[in-house]
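See below for the structure under consideration.
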Amino acid sequence: MNVLNIALFEMKRDLRDRRTLLFMLAFPIVLILILGTALTNAFHTGIEVGEMKLLVNNTARSEQLQSYWNGFAHTIGKEGVELTPAASGIDGKKAVADNQFTAYAEIDDNGIRFYGSSRDTIASNIIQGMLTSFADKYNLAAAAVRNNPEAAHAIIAGSTSAGSFVQESSLDPDRKPSSIDYYAIAESTMIAFYACMSASWLIRGEVKRKTAIRLAAAPVGKMEIFAGKVIASTIINFLCILAVVLFSKYAFNANWGDHLGSVFLLLFTEVLLAVSFGLGIAFLFKDDAVNAVMMIFVQVASMIGGAYFPVDEASGFFGAIANISPLRWANEALMNLIYNNDLYAVFPVIGLNTAIAAAFLAFVAIAMRKREAF
Amino acid sequence: MNVLEIRNLTKTFGDFIAVDNMNLSVREGEIFGFLGANGAGKSTTINMISSLLRITKGEVRLLGKDIVKENKFAKMNIGIVPQDLAIYEEMTAYENVSFFAGLYGLRGSLLKERTEEALEFVGLGDKHKALPKSFSGGMKRRLNIACAIAHRPKLIIMDEPTVGIDPQSRNYILNSVKKLNQMGCSVIYTSHYMEEVEEICTRIAIVDHGKIIAEGTKEQLKSIITDTKETWIGVKNAERLDLDALKGIPGVNAVRMEEQSVKIISRGEINNLNWVIQQLIRDQVEISSVEEQAPNLETVFLTLTGRNLRD
């Protein structure tokens, strides 16, 4: 009962602390908005394709091939490929090398020879893909003519419909984080870790405020006070994170995936880790040093954890440092959960967070018991 | 019956002995003055009684029960008014009192009743919804008291409850202490204001270097120094005064400078006023007044400890 009373009182006090509350709510939301907007281009995966100019030297005599080619040329013309018949005597390969054309194709009854530009490889590859597709379909139609002329007609007719020569394909085209998506995750995990700052004051604050004297003189155990405070701090900080996640989801349309329960469970354990870490640091260091140590650790962990810019696979010293950031574990696990649907990615992080939190809490509990008063 | 009994109480911090084999008892219904200069050991003693510090050696019994073995019982029956304000500024007066009273097991309507009663008692009944940050120093001190009495303790320990407040609030608090005592509470009262102790305490103990050096009623304490006299000499240019030379005059026990006056405590049977005045003339100090006073508690304290209470 005392634990509950202490926890409720602590939560009430936290809710009255408007400055901290505002910071915990507004800071991540503003960061999501600013970084998410400012760094949109850094997360844009589209590629601009330049002009696609195809120089064609068509010497084929087959009527069937000519007819099919004309249909193909018309179709890819509508897709943005500019076809130019090669004038006699022109050196197509040189024209491509001189960057006058994206690609050069020689067509005769034996097949198609293709020369692409090495300067504009993307446009060149697209044209090559189209020609490969044309060749495959023509070969198919030519084979069908021998056995089933009607089917051959259908193949040719179908092949000339717009867009059938180039198809966009991707493993999971919709599941790529936009900048807002990324920063919604990164800032939420960052602010979850900021809980360590307020947690470092849970016991220290009572000593500074002198209310520790009353608490110590009251018939309640130190462990009851400790438990009440940890519970309150974890709940209040988690509620702030919950608000940030839901706000980013509905106000910014940030993608939090289909497993919100797992997302919240991971964030909850991260808050628990932060609270226990804050308490632990407050017991490990002297009063003046606590704030400095905490601020340095939080900022470094945020930076290398990807709170301000995405941190890709790092190696060497930076990689080793980056791997000790709880924010990095959380961010990677959430990315895997949301974008690869990997439900099992979060469990090792949940386990690690809980284990470290338990270790810090045990340390603080023992240290408190040993201390006279607080 | 004794509310509190302290036997051979000792507290050490490393090699430093803060409380040295102290023996003391507080009777039921008493307002017990506990006097000592800073560092004398009184706060350490109070902290051990309130279970804030562990006892190195000895025993403290509250209402006959050992406070270490019966710790919860002891805590339930002690109310502590710390020297520093121990309140939550961001919580209302009601919430402050209610929270601390709740730690003593009060719940529901009883908690509400006792909280309101405590706030009424200290004159903050109409301020129960107000935040302490809007309070004057005196009001905060009164709230500090309310937080200690809502659970109706048998023994209240007040550690300088009137520090830094206006005379009106001080009177209010002193009257509150008397009222609490009339209601059956025993009180241990420490203060740097000797006149407060003289006014309200029924018995007084003087502690110095961790030991009780005198104990009794104020009359009993004053009787210790019946052979002393206290002379006040008003001076204008006090900076010229050679205090060591004054202390060297035969019969002088202690010399104290207080603003524009010198207080000289001497043995009663020796008439040394002429020598004192000659010394002041030698020092070229301008004398404005000479007055002999009957010894008071301050004199007793100074004589016994060689220090002022406010040192």
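Placed from the backbone N, Cα and C atoms, the Cβ positions cover glycine too.
The feature domain 'ABC-2 type transporter transmembrane' is assigned by TrEMBL to A:18-365.
If you look up TrEMBL, you'll see A:21-43 (among others) marked as transmembrane segment. Tertiary proximity for the transmembrane segment (A:21-43) is limited to same-chain residues at least six positions away from its ends with a CB under 8 Å from its CB atoms, namely 14-15, 177-180, 182-184, 187-188, 190-191, 194, 237, 240, 243-244, 247-248, 252, 254, 308-310.
Annotation source TrEMBL lists transmembrane segment at A:182-204 (among others).
The feature transmembrane segment is assigned by TrEMBL to A:225-248 (among others).
Under 8 Å from some Cβ of the transmembrane segment (A:260-285) lie the Cβ atoms of residues 188-189, 192-204, 230, 233-234, 237-238, 241-242, 245, 293-294, 297, 326, 330, 333-334, 337-338, 343, 346, 349-350, 353-354, 356-361, 363-364, 367-368, all in the same chain and six or more residues away from its ends. Residues or ranges marked as transmembrane segment by TrEMBL: A:260-285 (among others).
Taken from TrEMBL, the feature transmembrane segment covers A:292-311 (among others).
According to TrEMBL, the transmembrane segment annotation covers A:343-368 (among others).
Distant neighbours of the transmembrane segment (A:343-368): 203, 222-223, 226, 230, 259, 262-263, 265-266, 269-270, 272-273, 275-277, 279-280, 283, 326, 329-330, 332-334, 336-337, 374; these residues of the same chain sit at least 6 beyond its ends, with a Cβ under 8 Å from one of its Cβ atoms. Within the same chain, residues 10, 14, 20, 24, 27-29, 31-32, 35-36, 39, 43, 212, 226, 229-230, 233-234, 237-238, 240-241, 244-245, 248-249, 252, 254-256, 267, 270-271, 273-279, 281-283, 287, 290-291, 294-295, 297-298, 301-302, 305-308, 310, 326-327, 330-331, 334-335, 338, 368, 374 sit at least 6 positions outside the transmembrane segment (A:182-204) and bring their C-beta atoms closer than 8 Å to a C-beta of that stretch.
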